[in-house]
Amino acid sequence: MYPPLPPPAPHRDFISVTLSLGQSYDGSKSWRRRSCWRKWKQLSRLQRNVILFSLTFLMLCGFLSYISVADQWTAVDGRSAEEQKTRPADPPVLPAPQKADAHPENMQGALPQKPQRHFRRGPPNLHLRAPVKTPRTRGRETPSGGMRRWAMLIRRKARRERWSASPNERQRAVIDAFRHAWAGYRKFAWGHDELKPVSRSFSEWFGLGLTLIDALDTMWILGLKKEFEEARKWVSKKLRFQKDVDVNLFESTIRILGGLLSAYHLSGDELFLRKAEDFGNRLMPAFQTPSKIPYSDVNIGTGAAHPPRWTSDSTVAEVTSIQLEFRELSRLTGSKKFQEAAEEVTRHVHSLSGKKDGLVPMFINTHSGLFTHMGVFTLGARADSYYEYLLKQWIQGGKQETQLLEDYLEAIEGIRRHLLRRSEPRKLTFVGELAHGRFSAKMDHLVCFLPGTLALGAHHGLPADHMELARALMDTCYQMNRQMETGLSPEIVHFNLYPQNDHKDVQVKPADRHNLLRPETVESLFYLYRLTGDRKYQDWGWEILQSFNTYTRVPSGGYSSISNVQDPLNPQPRDKMESFFLGETLKYLYLLFSDDPDLLSLDTYVFNTEAHPLPIWAPPREV
């Protein structure tokens, strides 16, 4: 017998790699003739799999990088010339602006006599932008749709991370106030229009989740990601406009349409743009009047539009303060009907007689198209935002629509000539009212939008004395708060004009001493601080926030308007939290306490009258 053979040694694969500078050991060039395929076959299966996986991973990374870069140029890449004419460029998204080239687009000027010009969107420093929207493919998946959606989500996450700078102490106090208000709304009024915080219930106006939509962009700006995503889910799953309900054209435009457009610009989420276009289409029947001056109300389910029950008139402020939103909706969708309907109103009001040095009456008839209730002029309710939107449309359109600017400048001179007075004894500058030639020293808190508007105009190149008047009026609006025992302004005040009596400058009638959590004072404080750098405006805003927390905060959640700003022991809660408290008041306070001028830069965005930021279009560029 032969002794058993030893077991065979385990088989092992080896790779020999020789590095040379173009020469084999024998000095020949034979290495060039060696087959790469033979070398590949010499590798083990594991080694080949590792190499293939590495190459695939590198190709995928390169593809995603290409999508991220190419997305910014989609507006000019892969489109026909005709598409470039009809489709607007992409909207900007936060964080604010980085320099890059803008893209041209067509935009018709507001005035009929102006020739059509080619516009490029946004000023040159606007560049982080939302995903490209092609109307023909919206709602359908393109072959690369899944990959594009993935890339969009990655970019959105990156934008949020860059946006979420650490808030300072005062901004954190605003965030705390918002979370407290939101907690009450979420618990007791979720999906409804407004919270009733004292009774822990809700009220309906339109039945469209008004507070939620009004607060979308505020949550994004404050960095409240969890709350924003929860609200977005409600918009996606629950917000339906096919319902038999009347909405006020003005209020629904500035709050719902403006809120959806702003949420789209900040987040880049096309859900909000789709909802905005749907809602805009449902508002259009309001413009079907003999004069083209829209009715005040429209049923978004049936399309039936009508004036209020008690009159055939609309208020001038309401029909002239929807233009920012309708113009932007046209720019984003490529459908001109929204812009044309809104600008027809602007042109009509411009041509009317019955003004007084640029000041307009409060009412306009939808049948005749003429002013009514002539001879009464105010910057308060029913007329206020007419003046605001003259300036802001001019800014939005790249400062090209000169008729808007001329009407605004004429109106400011009319205010100086007819409505401006100084109180006694402190010589506070205020804006009163004129009724059939008789001056009244009455000033609504709503008029406190004016200091901010004047300062904004001065920032955009209007006369320097506008800023001087803005500062003087800002002092007055602050005193309207400071001279009240709660530190909160009443809805209406009357000023003392007579030096011989012992009255204070600011007088309040019993019917006017309520506070609705309005934003106008803190709105103007934001503009004045942003444009002057004077920190006293931040301190004044801090005082007002503390007063809100002391006299209007409800322990179970939410804030309530109050009936008596002069009684700190019993301010008498009215059991209502208006949607604009979250949409405007807290947003402006947060921005006021920021020292970053690029946080919603006033050279990049213009705020609608509900504090929803919309992008400024760039000046036209001839082609």
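Using the three backbone atoms N, Cα and C, a Cβ is placed for every residue, glycine included.
No curator has checked TrEMBL annotations; they are predicted automatically.
With a cut-off of 8 Å between CB atoms and residues at least 6 apart in sequence, the same chain places Trp205 near Glu251 (active site, proton donor), listed in sequence order. Sequence annotations record features per position, and here TrEMBL assigns active site, proton donor to Glu251 (among others).
Every protein chain considered, the tally of other Cβ atoms within 10 Å of the Cβ of Glu491 (active site, proton donor) stands at 19. What TrEMBL lists as active site, proton donor is Glu491 (among others).
When other Cβ atoms within 10 Å of the Cβ of Thr609 (Ca(2+) binding site) are tallied across all protein chains shown, the result is 24. Residues or ranges marked as Ca(2+) binding site in TrEMBL: Thr609.
Per TrEMBL, the feature disulfide bond maps to Cys448-Cys477. Of all Cβ atoms in the protein chains displayed, 28 besides its own lie within 10 Å of the Cβ of Cys448 (disulfide bond).
Residues or ranges marked as region 'Disordered' by TrEMBL: 80-144.
Its own atom aside, the Cβ of Cys477 (disulfide bond) has 29 Cβ atoms within 10 angstroms in the protein chains shown.
Cys448 (disulfide bond) and Glu491 (active site, proton donor) are 11 Å apart (CA-CA, integer value). Rounded to a whole number, the C-alpha distance linking Thr609 (Ca(2+) binding site) with Cys477 (disulfide bond) is 18 angstrom.
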